[in-house]
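Asker: One structure, pasted below without further comment.
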There are 2 protein chains.
Amino acid sequence: MNQNQHEEASQKQTIILCTGNKNKLKEFIQIMGDRFHIDSEPVDLPELQGPPLQIAKEKALLAYEKIGKACVTEDTSLCFNALNGMPGPYVKWFLEAAGPEGLSKILDGFEDKTGYAQCILSYMGPELKEPIQFVGQTQGVIVRPRGPGHFGWDPIFQPDGYTETYAEMDKDVKNKISHRLKAIQKFIDHFLVN
Amino acid sequence: MNQNQHEEASQKQTIILCTGNKNKLKEFIQIMGDRFHIDSEPVDLPELQGPPLQIAKEKALLAYEKIGKACVTEDTSLCFNALNGMPGPYVKWFLEAAGPEGLSKILDGFEDKTGYAQCILSYMGPELKEPIQFVGQTQGVIVRPRGPGHFGWDPIFQPDGYTETYAEMDKDVKNKISHRLKAIQKFIDHFLVN
């Protein structure tokens, strides 16, 4: 590292990613590491009920209260259009209770099988009064589970323009079209302009 | 009121029911007024996500923190057995998003249409470290909406042993078999013994 690089590194803003997931941290560093010094903290944060942006906002405020440094929280939803966005932020409880198969069967009585995966990144820092939020969405259809079942509802979400579910896809392909990447890109765009 | 009655009244413990609903207050007074002095406060309480008892417990603790007096909070769920208890505590969001018709259609893909209505009363007072909770359940089946649609999911819940939904029933009949009454009865039993 030469003198310039040293100065650059020390000027980088530090952002704490609120997660215990080292893979998520790696992904953030890969995408945003040039501009930010990214670290992570496995903060245990209660989640409220309510509209998705509100849930995410409250969580970010709590995270910032706990950590005391600029931080980012992530909220993921799977929203069914036939149910006007439900199960949305509650999808993890449905998945836990009924599994991917049960979750997909919820739509059997409805013609409309479309839905979207949503990621909300909420950034809160000392310079802000309220978190700034970045929403990424990927449209698709809800199908019966296909592919490995390691990642939550990935086996039942087939993004538009693809014949594979998130779970069946090559990870690199998924990461390029994912709701998370879209939210991360908005996050970066914001900080490049501001 | 004679002297004895006066003394009795002044010895009655006051419990605050956390609700802005005057009908709920009336019902509580009707059932428990002999033993307690019941009042109400319309406290605005955030609700967490999680297991129903946990959600209810946290809400009662928050209520007590706000009010500073012995108080009772009420949490209602509609649980589908095919979905291992979901939508449960999130039913109000589903109702808001998809209406009673949409909510009932969730079970179209499942053979098992059974479910239960659940009421959790959580009591927190100065003598306690943690809220005491009383759970009332009424078993039934989920049907397409029938009857007036004024009370949430009442039109889609038909209690076992009846051919009418909660919404179609005579109010007195409903109140006698309701999940709320069962929780209230457990509450009273507890305080009669203790």
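Numbers run from 1 along the shown chain.
A Cβ is built for glycine as well, from the same backbone N, Cα and C atoms used for every other residue.
Take a look at what TrEMBL says about it:
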- A:19-24, A:LYS59, A:75-76, A:151-154, A:LYS174, A:179-180: ITP binding site (BINDING)
- A:GLU47, A:ASP75: Mg(2+) binding site (BINDING)
Asker: Which residues does A:ASP154 (ITP binding site) neighbour through Cβ under 8 Å, counting only same-chain ones at least six apart?
Answerer: A:GLY147, A:THR165, A:TYR166, A:ALA167
Asker: Most Cβ neighbours within 10 Å: which of the binding-site residues A:GLU47, A:ASP75 is it?
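Answerer: When each Cβ's neighbours within 10 Å are tallied, A:ASP75 leads.
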Asker: Cβ within less than 8 Å of a chain B Cβ is the test here; which of the binding-site residues A:THR19, A:GLU47, A:LYS59, A:THR76, A:HIS179 meet it?
Answerer: A:GLU47
Asker: Any same-chain residues 6+ apart from A:THR76 (ITP binding site) with CB under 8 Å of its CB? Would you list them in sequence order, or say none?
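Answerer: Spatial neighbours, sequence-distant, of A:THR76 (ITP binding site): A:VAL91, A:ALA117, A:GLN118, A:CYS119, A:ILE120, A:HIS179, A:ARG180.
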Asker: Non-local Cβ contacts of A:ASN21 (ITP binding site) (under 8 Å, 6 or more apart, same chain)?
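Answerer: A:SER40 - these are the non-local Cβ neighbours of A:ASN21 (ITP binding site), listed in sequence order.
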Asker: Tell me which residues of the chain lie with their Cβ under 8 angstroms from that of A:LYS59 (ITP binding site), as long as they are six or more apart in sequence?
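Answerer: Correct list: A:LEU45, A:PRO46, A:GLU47, A:LEU48, A:THR73, A:ASP75, A:SER122.
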Asker: I need the most crowded of these binding-site residues: A:THR19, A:GLY152, A:HIS179. Count other C-beta atoms within 10 angstroms of each C-beta and give me the top one.
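Answerer: Checking each of A:THR19, A:GLY152, A:HIS179, the winner is A:HIS179.
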Asker: What are the sequence-distant neighbours of A:ASN23 (ITP binding site), meaning same chain, six or more residues apart, C-beta distance under 8 angstroms?
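Answerer: Correct list: empty, so none.
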